[in-house]
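Undergrad: Below is a structure I'd like to ask you about.
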Amino acid sequence: WGLMLILSVAIYGSHAPLLTLCKVNGMIPFSSTSVVVLVELTKLVFSLLCLLTWDWELLGVAVSWRHVVPFALSALLYAANNNLVVHMQLFMDPSTFQVLSNLKIVSTALLYSLFLRQRLSMRKWLALFLLVAAGVSSSCGGLQDPGSPSKMQLHITLVGLLLISVYCLISGLSAVYTEAILKTQALPLSLQNLFLYFFGVLLNLIGYFWSNAEGGFLEGFSSWVLVIVVSQALNGLIMSMVMKHSSNITRLFVISCSILVNALLSVALFNLQLTLLFFVAVSCIGLAVHLYYGVT
């Protein structure tokens, strides 16, 4: 478990730097939808291999449609959120999105407590709000480019505020709903993943053709994109295991801890500088982990 969580933190933290390495003349040269389709397809193939290797005796077992259909809604929620991220850029700047998207920690925790009936103590709620504070601190200027102005300006419209609220709600709902399905069904994780990622591939393929993406499916791909696809697929499989056997709260801590990896990679690869806000974020994460897991 420790190795898996550390690997997941590393993957989350390396995602943004890897995207930066993929840029050509400051622009992402490939279709983000294509990458999502390939990530879902990679997870589907890996789940099938796991099923054939370790749970092959289940291939002859009849599976009811009641086991399969719930994963269609889960995949739909994830696909909706991925597309919402793209459309939100029209109504706010990226910095504002980075800051406000930290509210999905609160929405996930609220829905987790409400729908899964997991009562969280005041100490644990304080830990989660510290995670939000850490995310906001890091997003507001934890890293600084020495050659650019240090002052950060946020901009958001009323529509953007509404969209970010919907985004945080759907983000929390998709995560908690998926955890509920994984835990309530008496099926092995490899088979559940097979259902989830089948619908993921199907819905994202429909989204790709619906968007009328210009150029070929693999246009602009490089070796760095391949690294992104494999790493994100591996991380998705780890997170499904976390939600099956642990909880979404563990996932939130993993995502927050990835701030440290992202910052260190950005300093090493792009010569960015750490600011006081980064160390505020690190302190908040450390205190949050202590409050949630260390205090009895």
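The backbone N, Cα and C atoms fix where each Cβ goes, glycine too.
Here's the feature list from TrEMBL:
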TRANSMEM  32-51  transmembrane segment
TRANSMEM  99-116  transmembrane segment
TRANSMEM  125-144  transmembrane segment
TRANSMEM  156-182  transmembrane segment
TRANSMEM  194-211  transmembrane segment
TRANSMEM  223-242  transmembrane segment
TRANSMEM  249-270  transmembrane segment
TRANSMEM  276-295  transmembrane segment
Undergrad: What residues in the same chain, six or more past the boundaries of the transmembrane segment (156-182), come closer than 8 Å to it by Cβ-Cβ distance?
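TA: Sequence-distant neighbours of the transmembrane segment (156-182): 70-71, 73-74, 77-78, 80-81, 84-85, 87-88, 91-93, 96-97, 100-101, 103-104, 106-112, 115-116, 189, 192, 196, 240, 243-244, 247-248, 251.
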Undergrad: Of the listed stretches 32-51, 223-242, 249-270, which one has the most C-beta pairs under 8 A with the transmembrane segment (99-116)?
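TA: Stretch with maximum Cβ contacts: 249-270.
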Undergrad: Look over the recorded stretches 125-144, 194-211, 223-242, 249-270 and say which has the most C-beta pairs under 8 A to the transmembrane segment (32-51).
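TA: Comparing 125-144, 194-211, 223-242, 249-270 against the transmembrane segment (32-51), the winner is 194-211.
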Undergrad: Under a criterion of three or more Cβ pairs within a distance under 8 Å and sequence separation of at least 6, are the transmembrane segment (125-144) and the transmembrane segment (276-295) in contact?
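TA: Counting Cβ pairs under 8 Å (6 or more apart in sequence), the transmembrane segment (125-144) reaches the transmembrane segment (276-295), since there are 3 or more.
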Undergrad: Could you tell me what the rest of the chain brings near the transmembrane segment (249-270), counting residues at least six beyond its ends with Cβ under 8 Å?
TA: 5, 8-17, 20-21, 105, 108-109, 112, 128, 131, 134-135, 138, 142-143, 145, 175, 239, 242-243, 278, 281-282, 285, 288-289, 292
Undergrad: Could you give the residue numbers and ranges of same-chain residues that sit at least 6 residues beyond the transmembrane segment (194-211) on either side and whose C-beta is under 8 angstroms from one of its C-beta atoms?
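TA: Answer is 31, 33-34, 36-37, 40-41, 43-44, 47-48, 51, 67-68, 71-72, 74-76, 78-79, 82-83, 178, 217, 240.
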